[in-house]
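Here is the structure we will look at, set down as structure tokens.
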Amino acid sequence: MSDKKRINQIAKETGLTNAELVSAAQTLGFEVKSHSSSVTAEQAEKIIQSAKTGTDQTAKVAEKPVKKSQPKAAESAKKNKEDHPRTFAGKAVVEDPAILARIKAKEEAEKAAKVEVASTEHPVVTEKPKASEPVKKAEPKVEAKSEPKVEKVETKDNTATSKAEVKPENVADKKEPVVTEEKKKSLTQKPRIQIKVIKRAEDIKKEQAAARPEKKKFDKNRNDRNNRSDNRRPNQNGNGQGGNHYDKNRSSGQGQNQGQKRDKFASSGSAPATDSFTPATSGKTSRRDRDRKKSDNNRDNTKDGNRKGGPLRVNDNRNQVRNARNSNWNQKGGRGRYQNNQSSSVPATQRKFHELPESLEYEVGMNVQDIAKSIKREPAEIIKKLFMMGTMVNQNQSLDEDTIELILMDYGVTPVKKVEEDKSDIERLFVEDGYLKEENMVERPAVVTIMGHVDHGKTTLLDRFRESRVTEGEAGGITQHIGAYQIKANGKKITFLDTPGHEAFTSMRARGASVTDITILVVAADDGVMPQTIEAINHSKAAGVPIIVAINKIDKPGANPQRVTQELTEHGVFPVAWDPENGSEFVEISAKFNQNLDELLDTVLLVAEVQELKADPTVRAIGTVVEARLDQGKGAIATLLVQQGTLHVQDPIVVGNTYGRVRTMTNDLGRRIKEAGPSTPIELTGLSDVPQAGDHFAVFEDEKAARAAGEERAKRAQLIKRQNTRRVNLDNLFDTLKEGQTKSVNIIIKADVQGSAEALAASLQKIEVEGVKVDIVHSAVGAISESDISLAAASNAIIIGFNVRPTGLAREQAAQEEVDIRLHSIIYKVIEEVETAMRGMLDPEFKEEIIGEAIVRETFNVSKVGTIAGFMVIRGKVARDASVRVIREGVVIHDGAIASLKHFKDDVKEVGNAQEGGLMVEDFNDVEIDDTFEVYKMVEIERK
């Protein structure tokens, strides 16, 4: 790093320790938390200088007092336990007569008191030197909290001359080699500010009284460390090595472990040294004081009930150690990580009382938990009430209507049964008054449906309106599914629906009339009124839609508009000139030569203006399916006409018995759009299945509701389909038996759009051939797939593809399964082919044809052969392959085949008129003279 350096990198370069550098940086006020913290180059220089200065001063000034650390003092005390009592209480150091005289002047009780005060009040003593010695400013505040007794007693003798700086010199002059070894061992340690001048007992007591307020904040950490050291005493060995090991593992353990070392030293077996300064009762007093302070600290730390459960119990050493350890780790000025977890001693608030509602709207199937939430009562209370009433339930068990009303009335609540709204009924939105808002109504484009007989020019007229070549895309020039388009005329939009004119598309014409506002009835001037023209008139009248008559092809030589007008009046369509109130507008046009087309559009706009067509674009969109198909790449595609509201991309939608989310929307020009307003035809993707043409659609609030409504509608449709199964009863028994003898042609229909498949199925079922009927096994949209081949093979069906092709795998499978696939693009050719196939399936019909008559003249009985009758042909002929009836006195006594036929002795195929011959009737020998033979054949006749 060029600009910044980490503390550990500086330590490697300078040879200093990480702790020294971190301490120096913190002293200088830099934001350094650990050895991995980064500082700038300028800050690094300051930290290095400060650390080196502190190290030098530590080696010169403070190392000697620090050498009197707990382990060394404990070791020296142990070595001189019996023969060198001067290793403790200053005797190992003090050899000056003046100092000895002053020590002798003090009584043993005063010395014990001094030691006790030094051990308990040391933080107060260390606080003063800390401010007076600039060398020790880098030491943590915690290090000054606990001080071992030995060091304090030793420093007491040395403090007679000077402060901390003078102390090392005096000690160096008077110390034994043991002290020198201690000094060498603690060179790397920081100076201990705890080695201070200890005054007389009277002075210390005065300072204690004056500094008692300052002392309180140090008591907590010191006592916690004392408790932790008490817990570790059993793990120490005789020479106190356990304390040393713990001290080495602490990164900043100078001050924290001093209190531990003091206690360890006191318990390591240095009895003589302790006795020389401490009376027998001093240990009890010290422990009693510590217990008192610990309880005070626990009370201070407790806020409305401590997590540890109040004051520490003196007799439970295990809990003391555990609680003291926890409190030691959380000493952060009341901001420990466990402070927020302290339980409150404030009593729990009582449950608020809720008033019972006057009435409750319920629905059948509610459980106890639902009722409890509604009336703000406990579920157990309701279960108890029901149990007392003799009903055993749990809180999740559904309740019937009587039980719900009973429990509500017991509480004094009036039960009101909820009226369930059938959200799957989207048809109600088209007739519901409250769905649309009058204030949001705006003018909408008119929806115009073009109707008329086949080849009367409907698509050509629309093609002129759109200025495109729509007609070229139609097979044979016949429109075979609805096209929805939108054009502009005089600044206003008009939506056109082009419907088929072929007789097979009756349902499509009815569907187009149901969603339209105006009907343009196209009639060819040379053909006049045709069957589909009459049908279109009836559809428009049934829907209550005004009719505009467009008399087309007036450019042809044989055009006769007057005759067309006369024929239309016979079917209830009158010109406005004849019936001003209910008359229809008549416009003579030529779509081929664009003659009078503007006049026709102006008439459409005029009629639309009179109708005052309006819609509410603010509501969720509703409308009708114009057409639907299945695309191999896009899936289900539906052509919709939005009638109310605005449809957006990603709207959850229910279309007929299917549902989905609007994935994409395209207009009649094939362009992607984001929204579609009223009277707009669009083509969308995203449905789960192909809907039926003519189904209604509605947008729901979310996809979950749309899914539920779609699945419910599909379930109901399936149920209705199952209910349509015919049941055999006495009324239809004869028809059922007759149908059992009737043959059927099984057909699978696959078409490009739903409307074409529907029309084709209806047309095929109308074919009437006696003895044969059409059975539509399956009808769907999309390409012919392998599953269709498998179904056809299983049901022995013929597959008819209308504007679709089979896939490669389907074609191979059809060849293997020997399934017949017929592909067509014009509907009437499909009808003719199916009708021919139906006639070919019929059993042949035969009629009896009499070819001759003969009279028996003689009979001959031949053994082992039978009776041979000699006959004379009186009319026609007798053939060998014909049948014969034996008639006696006008009664047929036998009908059978001719076994053999001979003319004289020769076998012949037939015997002509006025000739004699002999024959033998198969399985009949009772032939007599004068019997008559009636010879006939069964001849097949053609079925019509």
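Positions of Cβ are set from backbone N, Cα and C atoms, glycine also.
Annotation source Swiss-Prot lists region 'Disordered' at 50-91 (among others).
Residues annotated as compositional bias 'Basic and acidic residues' in Swiss-Prot: 75-86 (among others).
Under the heading region 'Disordered', Swiss-Prot lists 114-349 (among others).
The compositional bias 'Basic and acidic residues' annotation in Swiss-Prot covers 124-157 (among others).
Marked as compositional bias 'Basic and acidic residues' by Swiss-Prot: 164-185 (among others).
Summarising the annotation, Swiss-Prot assigns compositional bias 'Basic and acidic residues' to 199-233 (among others).
Swiss-Prot lists 267-280 (among others) with the feature compositional bias 'Polar residues'.
Taken from Swiss-Prot, the feature compositional bias 'Basic and acidic residues' applies to 286-307 (among others).
As annotated by Swiss-Prot, compositional bias 'Polar residues' applies to 317-331 (among others).
Annotation source Swiss-Prot lists compositional bias 'Polar residues' at 338-348 (among others).
What Swiss-Prot lists as domain 'tr-type G' is 443-614.
Taken from Swiss-Prot, the feature GTP binding site applies to 452-459, 498-502, 552-555. The 10 Å shell around the Cβ of Ile554 (GTP binding site) contains 19 further Cβ atoms across the protein chains shown.
Restricting the average to the region 'G1' (452-459) gives a pLDDT of 79. According to Swiss-Prot, the region 'G1' annotation covers 452-459, on the basis of similarity to another entry.
The region 'G2' feature in Swiss-Prot is assigned to 477-481; the stated evidence is similarity to another entry.
Look at Swiss-Prot and you will find 498-501 tagged as region 'G3', backed by similarity to another entry.
Marked as region 'G4' by Swiss-Prot on the basis of similarity to another entry: 552-555. Below 8 angstroms of C-beta separation, residues 456-457, 461, 522-526, 561, 588-593, 595 of the same chain, each at least six residues beyond the ends of the region 'G4' (552-555), sit close to that stretch.
Look at the region 'G1' (452-459): DSSP puts its residues at 2 helix, 1 strand, 5 coil.
Residue counts for the region 'G4' (552-555) under DSSP (helix as H, G, I; strand as E, B; rest coil) come to 0 helix, 1 strand, 3 coil.
Counting other Cβ atoms within 10 Å of each Cβ, the binding-site residues Gly452, Asp455, Lys458 show the lowest value at Asp455.
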